[in-house]
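First up is the structure itself, then whatever we jot down about it.
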Amino acid sequence: MFVPRSLKIKRSSNDDLKSGEAKKSKPEAGGLQVEGDRDTPVHTSVTEEAVTADKPGHASSTNSPSCQLAEVSSTGPDEGVKDSHPSEEPVKSFSKTQRWPEPGEPVCVVCGRYGEYICDKTDEDVCSLECKAKHLLQVKEGEGSLRPSSPQRVAAEPESPLDAFYVYKEHPFIVTLKEDQIETLKQQLGISVQGQDVARPIIDFEHCGFPETLNQNLKKSGYEVPTPIQMQMIPVGLLGRDILASADTGSGKTAAFLLPVIIRAFSEDKTPSALILTPTRELAIQIERQAKELMSGLPRMKTVLLVGGLPLPPQLYRLRQHVKVIIATPGRLLDIIKQSSVSLSGIKIVVVDEADTMLKMGFQQQVLDVLEHTPGDCQTILVSATIPDSIEQLTDQLLHNPVRIITGDKNLPCASVRQIILWVEDPAKKKKLFEILNDQKLFKPPVLVFVDCKLGADLLSEAVQKITGLNSTSIHSEKSQVERRDILKGLLEGDYEVVVSTGVLGRGLDLVNVKLVVNFDMPSSMDEYVHQVGRVGRLGQNGTAITFINNNSKRLFWDVAKRVKPTGSILPPQLLNSPYLHEQKRKEQQKDRQTQNSLVTGANLMDIIRKHEKSSSQK
């Protein structure tokens, strides 16, 4: 069958055969290459015996490739035939029992684990009996040639052309609408667009003319009517334009960029052809899950997830399987690029999701380094919940003749979220949280509680479980990737009534079943506040966000008042009467007046001339 990469064979538990005398020589055709111990001179040979791995004592068939075992023994110059050592480790039956490879070690051509054995039929590396059988079945059925087991650069490789090439054309109904009707529609939906020759918004997914398989996938995934950001962003993206998009959290931005990505990748005959960059593993995992749902049934459409915190070998193995869409965090993708394990020369569309988070987390240079390896003419889409000045600068740097699409207020929380601001001093926070969790009107599990430190998350989760009896857990960056994934799955499936989190769940994740968020600690910026509040109100659903505030957040008082009060929320008197708020307001108004005075307009032109003449006469 195969031999391990050592002198002694790992024998199956029912193998009672004995090895014969051997000489260390190159095997004949059909034999196996075996490496000897360089420190001890030995002579080896290879013989093959048919055994049954699953049924002891059962006669094996020479036609069954998974039942053949190559046997090797070591003898000195004067030694006779000896039995294998009774403690010899048996050949691994299942791939899950094999470890992951270390750098430079052989990799199983089937699953990407450590390639401990060499298949006697193909000379390829495999990790177990299970993968050997799968490997030979693939060869027999002619499903494609196997990839080399060693790390290898994945270049953009051509595939067979698609049977049908998709081209977006405006639906006849959209074409018949007058310009004033389109503008009225945009105003009613809160869509703001800047750019030249911008495509008209769609009103229904059917207006896109997608392949029927994709239309069915949209319905199965619960997409019935496009949201405002989807109405405008999808047709613009389908036409290949660069985009800067901003919308309320939970407004459907992910599907808005996934559909153009899928169509572009589906239409291209090179792999990989699309790249999506995200700041966190959790967000990347979620995006890949949504992408797979929408791609289901589309031929040759594969994704690969390249993120830190998960084993690298299976990611590299998946990358070699002619994937169309790469979903990655910048750091892991850069590592793979530096290993020359992937080429991005065939990329036609790039999406940078949660771009504001990328910049805040210090990933800007990593993003730029990744994009240097993509073609200069590829379509680029920047997506963000907020648009600070740094995003504007990045837009000027990366996008060519972009279309700017904004729905809602680009820096305000989602309108479907009821916001409650409570003045709570630090010693009273736990008591107030327990009151909320015991309030039948407010408590709607699962509840997401945000804190500002990892230790605080663990301690608060334990306190909630002890005092209220609710099933509670904590999640933060020190939890392993497996733990975080299981907690997130449990949150989505309703296994937890309360989840206490640091900012790890504050961005991008679709937690559609969360109806109540409590900001136990006020976020350090209003951008973070917008994102954490946005964990409720997903896709227009109503939700409640309660925030505890006190003088520890005094530098944000005026920002809170400006952004939250217009939504109709009642602010606590301690906040409204705070001297810090009034001082911040005064400084901002003074700065605005200075800016206005520095501008020359028809209204102030004469005043500026008089001031200039007066100052000149005094000199």
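From the backbone N, Cα and C atoms, a Cβ is placed for every residue, glycine too.
Remember, predicted model here, so these are calculated numbers, not experimental data.
According to Swiss-Prot, the region 'Disordered' annotation covers 1-101 (among others).
The compositional bias 'Basic and acidic residues' annotation in Swiss-Prot covers 12-27 (among others).
Annotation comment: Swiss-Prot describes 59-76 as compositional bias 'Polar residues'.
Under the heading phosphoserine, Swiss-Prot lists S64 (among others), citing similarity to another entry as support.
Summarising the annotation, Swiss-Prot assigns compositional bias 'Basic and acidic residues' to 79-91 (among others).
Residues or ranges marked as zinc finger in Swiss-Prot: 104-133.
Marked as phosphoserine by Swiss-Prot: S160 (among others).
Annotation comment: Swiss-Prot describes 203-231 as motif 'Q motif'. Sequence-distant contacts of the motif 'Q motif' (203-231) (same chain, six or more residues past either end, CB-CB distance under 8 Å): 164, 166, 168-171, 173-174, 185, 189-191, 238, 245, 247, 251-253, 255-256, 259, 262-263, 266, 290, 293-298, 405, 407-408, 539-540.
Reduced to three states, the DSSP call for A247 (ATP binding site) is coil. Feature annotation from Swiss-Prot assigns ATP binding site to A247, D248, T249, G250, S251, G252, K253, T254.
DSSP labels the residues of the compositional bias 'Basic and acidic residues' (583-594) in these numbers: 12 helix, 0 strand, 0 coil. Swiss-Prot lists 583-594 (among others) with the feature compositional bias 'Basic and acidic residues'.
Residues or ranges marked as region 'Disordered' by Swiss-Prot: 583-603 (among others).
Long-range Cβ contacts of the compositional bias 'Basic and acidic residues' (583-594) within its own chain (Cβ-Cβ under 8 Å, at least 6 residues beyond either end) map to 555, 557-558.
Secondary structure of the zinc finger (104-133) per DSSP (helix as H, G, I; strand as E, B; remaining residues coil): 5 helix, 7 strand, 18 coil. Remark: secondary structure over the motif 'Q motif' (203-231) totals 17 helix, 0 strand, 12 coil, with classes taken from DSSP. As a whole-number mean, the pLDDT of the zinc finger (104-133) in this prediction is 82. A coil conformation is recorded for G252 (ATP binding site) in the three-state DSSP classification, outside any helix or strand.
Ranking the binding-site residues G250, G252 by how many Cβ atoms sit within 10 Å of each one's Cβ puts G250 at the top. The binding-site residues in question are A247, S251, K253, T254, and the one with the fewest Cβ neighbours inside 10 Å is T254. Just so you know, the Cβ of D248 (ATP binding site) picks up 27 other Cβ atoms within 10 Å once every protein chain is counted.
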